[in-house]
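As recorded in Swiss-Prot:
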- 49, 50, 51, 52, 107, 112, 113, 114, 118: substrate binding site (BINDING)
- 50: active site, nucleophile (ACT_SITE)
- 97: site 'Important for activity' (SITE)
- 187, 188, 189, 190, 191, 192: NADP(+) binding site (BINDING)
């Protein structure tokens, strides 16, 4: 039994590398099944977000190199390139890492709540793929409990901060009066929903939601009095938009330099503020070369995020302590489980010996045997049978000079004295 947590995140890899190592939702089930099949992993789950791609694995023997090689091959990267950005956590450290991630302690925005939902989605997909078993299943449940405790018992979730909030904060810095600004939001997922909520609360003049399907865009738009359009309508909406924030699951860019350049001409070069939160990127990096465009990627949000971290450092320290306790408790319970099969077998063996001696005693009583004598014989017979196998093994270990094993037996049977005291005795 061994746990692995390995992958890359916003702290170790550039957005370019994260794009190439990201898994699409459609890939996950097949990728999980292939991962288990090709790396001798008994259980596995994959967490893939715009800021991280991580594998959580349970194996008989740790083989991080094999898993890293699989990840590199799957995404057509060189192993050296992946190693340069990857991290590996094993056993206790892997458990602690998972709990830190789910609690928002390892996020770009400290304490952001979305990561717990993403972790739950990773668990659900792994169950669908059939790659979650009893051990990873227990670890995920312990992880969810730890994250819930952190969220409930610390102030880390107060004054909610997220990548979405950071994007809107940047917009506020550039446009002094958002109530006169128009915003185009591309996508209709959780991040864009948060962006829409923040912009709506700030009284942005007009919000447009563009999505691949009009139905999904409309569902989001209705919540905030926004307008819904298709992706094909983006060029027309760009002309009217002062703020563009994009976060889709598209594998290809949604916005190119040419389209933005055309919109700027029609806007008479009135500036456009753009934030690309997606991985892979929705907006071609070359768009940032245009004079009247302020283009930010997720990696550019670090400065904004840093300001919001200050108020959360005290809460983070308390959260770290909770995570450490949760991880330690989980590993203790897990190691206790390792003894269950041995204890079960020992109990079954003891009950079989008890039943044999009991049947013998009942036969003696049925034949008129003295009850006191029969009970004494039952007690002696049961004692001898229960002690026979341990006695044989202890004598063998003693003959081999295995004082460590004798000390363990002494602890196991709660005996007084030290096995060392016998080592100085010489035969008479």
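Positions of Cβ are set from backbone N, Cα and C atoms, glycine also.
Same-chain residues with CB within 8 A of the center of the 187, 188, 189, 190, 191, 192 CB atoms, the NADP(+) site residues themselves not counted, are 185, 193, 194, 195, 220, 247, 248.
Around the Cβ of residue 187 (NADP(+) binding site), a 10 Å sphere holds 27 further Cβ atoms from the protein chains shown. Mapped onto three states, the DSSP output places residue 188 (NADP(+) binding site) in coil. Per the record's binding annotation for substrate, residues 49, 50, 51, 52, 107, 112, 113, 114, 118 show a top Cα-Cα distance of 15 Å. There are 18 other CB atoms within 10 A of the CB of residue 113 (substrate binding site), with all protein chains counted. Ranked by Cα separation from residue 187 (NADP(+) binding site), the recorded positions 50, 51, 113, 118 are led by 50. Neighbour density at the Cβ, taken as the number of other Cβ atoms within 10 Å, is lowest among the binding-site residues 49, 107, 118 for 118.
Apart from the site residues 49, 50, 51, 52, 107, 112, 113, 114, 118, the chain places the Cβ of 104, 108, 115, 163 no farther than 8 Å from the centroid of the site's Cβ atoms, the recorded substrate location.
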